[in-house]
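Look at TrEMBL and you will find Cys49, His109, Cys112 tagged as Zn(2+) binding site.
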Amino acid sequence: MVDEDDHEHDDEVLEQLLGGNEVHIDGLPSEHFSAVKSGQHPEVVSVCCSDSRVPQERMWGVEDPGTVFTPSNIGNQVWDDDGGERIVDGGVLYPIHHAGTEVAAIVGHTGCGAVTAAYDVATGADEPGPRGVDKWIDLLVPVVEEALESNLVDADADRETVINQLVEYNVDYQATFLRESEDVPEDVDVYGFVYDFQGIYGNEDGRTYLVNVNGETDPDVIADLIPDRYETATHSLLY
């Protein structure tokens, strides 16, 4: 039997969606889609965690359509499983191969639930379920296990510290997988970020901290690669 209160709540959410779209339409300039109606050439494909607290376009200050291609999943994973083989996900490859995109960004975030679940499984907990969730968690478990055995993650630290170190480790791991794939042209730049809304990396909530530039992870080296005004935008929990 359907709970009447739940049904009313669902109706409220639907009304919010419809009303929100009206606000969206009313705020669009008349020529908003003119440049992209016949095709798209996004400047970057941003592989972001699906977490509702991570605004995939707003974090970059993007307002124009056709700027960011936005595949997402739990744990900001660039891969998928194809018969037991890990391949780069089509949502990442499509803009690179068919829309002229030459930059990829992997965006993790502090307190990631998928990384947390993978950590729990790696340390003896049951899979969270259901099956569709377990598939993506299982893909992260080997990353977490490798991280815990490395000298980069302090496995004896408190849970929050370990999780956030694992988040950054996973961003680096995903970036490496992307850069080493034969399906990704060598001239594609790959950047890794951690979106922080919990004050872990600094005191600016909403900052995307640059942690990886084409495989470079040393914060001091990265700082030399970006304009001085963004010197606070790079930090690491691992290096």
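Yeah, the Cβs are placed from backbone N, Cα and C, and that goes for glycine too.
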Which residues of the same chain, at least 6 positions away in sequence, have a Cβ lying under 8 Å from the Cβ of Cys49 (Zn(2+) binding site)? Ser72, Asn73, Ile74, Gly75, Asn76, Val107, Gly108, His109, Cys112, Ala114
Extra residues within 8 Å (Cβ to Cβ centroid of Cys49, His109, Cys112), Zn(2+): Cys48, Asp51, Val54, Gly75, Asn76, Val107, Gly108, Thr110, Gly111, Gly113, Ala114, Val115, Val167, Tyr195
Tell me the coarse DSSP state (helix, strand, coil) of Cys112 (Zn(2+) binding site). coil
Over all shown protein chains, what is the count of other CB atoms within 10 A of the CB belonging to Cys112 (Zn(2+) binding site)? 26
